[in-house]
Amino acid sequence: MTDKLIIFDTTLRDGEQSPGASMTKDEKLRIARQLERLRVDVIEAGFAASSNGDFECVKSIAEVIKDSTICSLARANDRDISRAAEALKPANSGRLHLFLATSPLHMEKKLRMTPDQVFEQARLSVRFARNLMADIEFSPEDGYRSDPDFLCRVLEAVISEGATTINVPDTVGYAIPELYGNFIKNLRERIPNSDKAIWSVHCHNDLGMAVANSLAGVKIGGARQVECTINGLGERAGNCSLEEVVMAVKTRKDYFGLELGIDTHHILAASRMVSQTTGFVVQPNKAVVGANAFAHASGIHQDGVLKARDTYEIMRAEDVGWTANKIVLGKLSGRNAFKQRLLELGVAMESEADINNAFARFKDLADRKSEIFDEDILALVSDDGAAHESDQYGFVSLSQHSETGERPQASVVFTVAGKEVKGESDGNGPVDASLKAIESLVKSGAEMVLYSVNAISGSTESQGEVTVRLQNSGRVVNGVGADPDIVVASAKAYLSALNKLESKADRVAAQG
Ligand code: KIV
Ligand code: ZN
């Protein structure tokens, strides 16, 4: 019998809770398809009861994804559980993930419930859920800071009621690897029916130890499920990073002795997709997926790697999807070649109209840029500054003038509900002038909390990818735009963020 480690990805739920990382339904579907291609065992698609938007996302993902189990988070109450079960109806394989806080602090200050009330609610909620679905996960929120005696009592009861997975969250990232590993080991040893459930780890990265803690939970504690996110995306310092935990278990199979279902070749594409969709840039020295993760700068290292790669490399770059930067398409490439490359990159477009729209933008880019890389194509399809029919605002054209010693001027033509308008302004620089030109007509009053530019393929010939994060009335949204002209990319990113502010989705924080 193989000892398998289940990979549970929560990029679309816990990852999305990161301020500014909220995604549209189409973006979530695209990422879910990539997670399926990665052969993730469980995809936590959202928190169905938190908003109608989240409900629709979970339902659509359950309709489309057939190879991974689809999971929805739910608070431990009948309404949330019914709503999650409803959203999961189309799934081939569905899971309900119930959570209820068990630490003294959360019970007293947040829930204002006694331990006995929490015990009862946990037990009855699992009983209720079990009547709707066979696959039930239970998480005692802030589990690691809970009293072990109380936790044993609650977890024994929920397993008796039929919970099939027990997840032990380190909600606030307080754990230390050895202590967390032993915490899980003790729970498993003390709870008489612990062998009836699969044990799972869920670690936050506040002290930079989410991956180490998760691995200790597996090695010392005997957990057989890890909850993680692509690029470690998540609130505050994030969650355990999928790519790091997977590559640690694979590279050190001699130590962990565990099987994984993951097809690691799709890791890099998943990382780029999540980064480009959310605007959360991956740091160059990030393990596995950072631009420098396999780059050898020092002469001694380069010499060693050329003679025998394992002198300085413990993993093969190709195994996680790195290929030499290659020109994939050009000006003469046809629609079929473009469509095929989209499929290989994991971008499935819903309709022929979407493909035609993306292909027209590709042709436009190919006219201005002779070499088109995979990164350009990914940026092009996640460039939501390009107009979609349902958008309130769409970019049309821009002209700007800047000269040393003079104040830059910009004029931007864009659509508002399909009608063309032209805004004009000056500014500190051409980007500032262009965004002020848009704002002069839109008057959103939004505060810009982040502006960043990234050269997609590393040279001045490359496209600039701009991320704009706006905040308005307590909502934080990201807009991403790409273009060889970074002023145009900035205007597209700004309009994309304004579109997201327009689509008002009310949300309930999972841990609120
Ligand atoms: O961190 C946490 O406690 C969670 C739970 C909802 C599982 O994300
Ligand atoms: Zn969490």
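Glycine is no exception: its Cβ is also placed from the backbone N, Cα and C atoms.
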Q | Binding-site annotation, TrEMBL, Mn(2+): partner of ASP14, HIS202, HIS204 in ASN182, ASN231, ASN239 | A | ASN239
Q | Those residues of the chain, 6+ apart, with a Cβ under 8 Å from that of HIS204 (Mn(2+) binding site) | A | PRO169, ASP170, THR171, VAL172, GLY173, ALA210, GLY234, GLU235, ARG236, ALA237, GLY238, ASN239, CYS240
Q | Near-site residues: Mn(2+), ref ASP14, HIS202, HIS204, ASN239, CB cutoff 8 A to centroid | A | THR10, PRO169, THR171, CYS203, ASN205, ALA210, GLU227, CYS228, THR229, GLY234, GLU235, GLY238, CYS240
Q) Over all shown protein chains, what is the count of other CB atoms within 10 A of the CB belonging to ASP14 (Mn(2+) binding site)? A) 26
Q: Can you check how the pLDDT averages out over the domain 'Pyruvate carboxyltransferase' (5-268)?
A: 97
Q | Proximal but sequence-remote residues of the same chain as HIS202 (Mn(2+) binding site) (Cβ under 8 Å, at least 6 apart) | A | THR10, SER139, ASN167, VAL168, PRO169, ASP170, THR171, GLU227, ASN239, CYS240
